[in-house]
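Beneath this line is the structure, given in C-alpha cells, with notes to follow.
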Amino acid sequence: MTSDESENAGTDAAFDRIMESIDNDGPFQRRYNIIFNVIAVLFFAMCVVNVLLVLAVPEHRCHIPATVNKTLNDTGSDQWKATVYPMEINSRGEYVPSSCRMYNLSYNEHILDSTPPTNATTSVSCLYGYDYDRTYYDRTPVTEQDWVCDRELYGTNVFAFVRVSEVCGTFILGQLGDRIGRLPVYLFSIVTAAVGRVLSIFSAHNYWLFAVLAFIGSFSTNTSFQSPLIIVMEISKDANRAALSLWQLVGWTAGVCLAPLILWAMRDWSWFMVVTALPCLLFYCFPRYAIESPRWLASQGRYRECLTQLRKIATVNGRPFELTEDQLKTLVPRPEREKTYGIASLFSGWHISKLTCLLLLSWICNTIPTFTLFLLSLQMGGNPFLNNFWQGAVELPAYLLGQLCCDRLGRRFTNSGAFLAATLACLPVVLLIHRPGTELYVTMLAIVVKFFVCITYFALYLQSVELYPTSLRQTGTSFGIIVSNVFGAVGPYIVYLGTSRDLRLPFVAMALIMLVGAVSSIFLPETLHQKLPETMDEGRQFGRDQRFWSIPKRPPPTAATSRTIETELQELQKLHKPA
C-alpha cells in the first residue's frame, strides 16, 4: 500500500467510524429512506409516467355524418364498416376496416341504397373528424386534438422529446450534484417536474408549447431518484446498499402501478395531471430530514456544514456527538483536490474507460427495451390500464429476486443472466403474435420480458453507483443514463414501426439489443462485498485483480492494516466515550 493509498484508506475508515459512532443504521436512516426513497419516489414516479399515459392512442374510426333521416350511423355494424371504410391489414396481420381512411362517397345517397363500394371506389383521409372508443378515456390530448393518423407521430415525438429532456437534465444536474451538492439538485428537480406537468394542462391546443412543457417536466427525472439514493447510501453501512436501492424501487413500482389506475378512475387527463404532479412539492416540508451528504461535504472541505448534518443524524438516532470542527479536520483531512473534468474524467485511463464503455452499453441495452415495453403495453389491445398495471406490478417481484441474486451470485452474473433470459422470452412472442386468439399469451410473455429487464436494471444501477469513486459517483451514474436515453429515444419509433407495420418487429429488435447487453455486462467487475472506491486512483484500479468465473465471498473481518488507521480509531473512541 502506497503512502497516498494509506492516507486515503485512513480517511475513509475514520469517516466510516464517525458514522458508526452516530449509528449508520438508525432511525434517521430508516425515516429518510421511507420519506425520500419510498414515498417521494412513489409520487415522482406517477409524475414521470403521467404524460406517457395520457398520450395513449385509443381505437378510432373516421366520423361519418348522420344519414338523411337524421339517424346516426351504426359504427358497430360490420355491414356498415364494410360500406364506408376500406379494408386493410393491420399490424397484427388481420384484415380489418381502416382506422384512418373512408370511401369518397356521397354518404347520404349511398346510405339510402346501401350499394357496396367497388375496388374502383377511391378512399380519402377522414373528412369529418374521428370517432373514438370512449370505453377507457373521456378526455386526453389525443382525443381533444386528433393526434391520430396523419398526426400520429405527434405523440411519438413527445415521447422522444421526453427522452431528450432526460438526457439534457441528467447531463447538467448529474454533474451539478457532484459540484454543488445532492440536496439543491434534488429540490430543483421536484419543482421543475411539478410545474412542467401542471402547466401542460393548458397547452394541448398548441402542440409545440405542449412539447416544451413535457420537456421541462422531464428535465430532472433521473436526478430526482439519484440524489436521495446517493445521500442515504453515503450515510448508511455498506451492507445495506442493495436493500436501500430495493426500497427506492418499491416506491417506483407503487407509483407506476397506481398512475394508470388513477387515470382509469378519473378518465379526464387534466385532473389526472394535477393529482399526480402537485404532491411532489410536499417534500419541501421535511427540513429536519432533508440533509446534504456529510461525506460529500467533508470531501469538499466544508467541515462546519458537515458537522451540522452529522448532528442532525446523531440527534434523531439518540447518540452523543461532540466533535469540533478542528477535530473533524484532524480525523478526516480534506484530500488533496484531484483535478476532475466531469465526464472526461470517466475516460482518464484505459481501465476506467473500459468500465465506462461497458456500463454505457449495458445501460443502452436496458433502457431501450424498458421504454419500448412501457409504450407497447398501451397499444397491445384490451384494457390499457390493466396492461400497464401488470407491466408495473411485475417490477416488485423482479426487484426482490434481483436483490436476492445480487447478494448471492453477485451483480455481474445477475445482470448478464437476466439479459439472456429476457432475450429468450422474446422468441415465443415473435412466433405467436400473428396467430388469432393468442393475445393473452403474448401479453403474459411481454410481462415475462419486462420481469427480466427489471432485474437487469436493479443490478446495473447498483453497479453504476458502486464502480465509480465518490467524486464521480453521481456524474458517472448520470452519464450512463444520459447516453442510454439518447438511444432510448428510438424506443417510441420502434413501437411506431410495430403498430404501423408489424408487431413482431419491436420484439425482434429488443431480443437483439438484449443479447448485446448479456455479452457486455458479463465483462464488468464484481462489486458485491467490495469497498466503494473513494479516489480517482482507486476507481482506475477497481476490479483489475478479479477472476472472471469467481463467485464473490464476504471477506472476513480484518484488523486495520495501517498504524495511521489504528491511531485515528483510538482517537475516535476517546472522543465518543459517554460522559
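Along the chain as shown, residues are numbered 1 onward.
Cβ coordinates come from backbone N, Cα and C, glycine included.
Annotated domain 'Major facilitator superfamily (MFS) profile' per TrEMBL: 117-529, in sequence order.
The transmembrane segment annotation in TrEMBL covers 34-57 (among others).
Annotation source TrEMBL lists transmembrane segment at 183-202 (among others).
According to TrEMBL, the transmembrane segment annotation covers 208-232 (among others).
Taken from TrEMBL, the feature transmembrane segment applies to 244-263 (among others).
Here TrEMBL flags 269-286 (among others) as transmembrane segment.
Residues or ranges marked as transmembrane segment by TrEMBL: 355-378 (among others).
Sequence annotations record features per position, and here TrEMBL assigns transmembrane segment to 417-433 (among others). Sequence-remote contacts of a segment are chain residues at least 6 beyond its ends whose Cβ falls under 8 Å from one of its Cβ atoms, and for the transmembrane segment (417-433) they are 92, 365, 369, 402, 405, 409, 441-442, 445-446, 448-449, 452-453, 455-456, 459, 503-504, 507-508, 510-511, 514-515, 517-518, 521.
Marked as transmembrane segment by TrEMBL: 440-459 (among others).
Feature annotation from TrEMBL assigns transmembrane segment to 479-498 (among others).
The transmembrane segment annotation in TrEMBL covers 505-524 (among others). Residues 355, 358-359, 361-362, 364-366, 368-369, 372-373, 376, 411-413, 415-417, 419-420, 422-423, 426-427, 429-430, 433, 449, 453, 456, 459-460, 463, 467, 494-495, 497-498, 543 of the same chain lie 6+ residues outside the transmembrane segment (505-524) yet bring a C-beta within less than 8 angstroms of a C-beta in it.
The average pLDDT the prediction assigns to the domain 'Major facilitator superfamily (MFS) profile' (117-529) is 83.
Among 183-202, 208-232, 355-378, 440-459, 208-232 has the largest number of CB pairs under 8 A with the transmembrane segment (34-57). Between the transmembrane segment (479-498) and the transmembrane segment (244-263) there are fewer than 3 Cβ pairs closer than 8 Å, counting only pairs 6 or more residues apart in sequence, which means the two stretches are not in contact. A Cβ distance under 8 Å defines the sequence-distant neighbours of the transmembrane segment (183-202), meaning residues of its chain 6+ beyond its ends; these are 36, 40, 44, 47-48, 50-51, 173, 176-177, 210, 213-221, 223-224, 227-228, 231, 269-270, 273-274, 276-278, 280-281, 283-284, 290-293.
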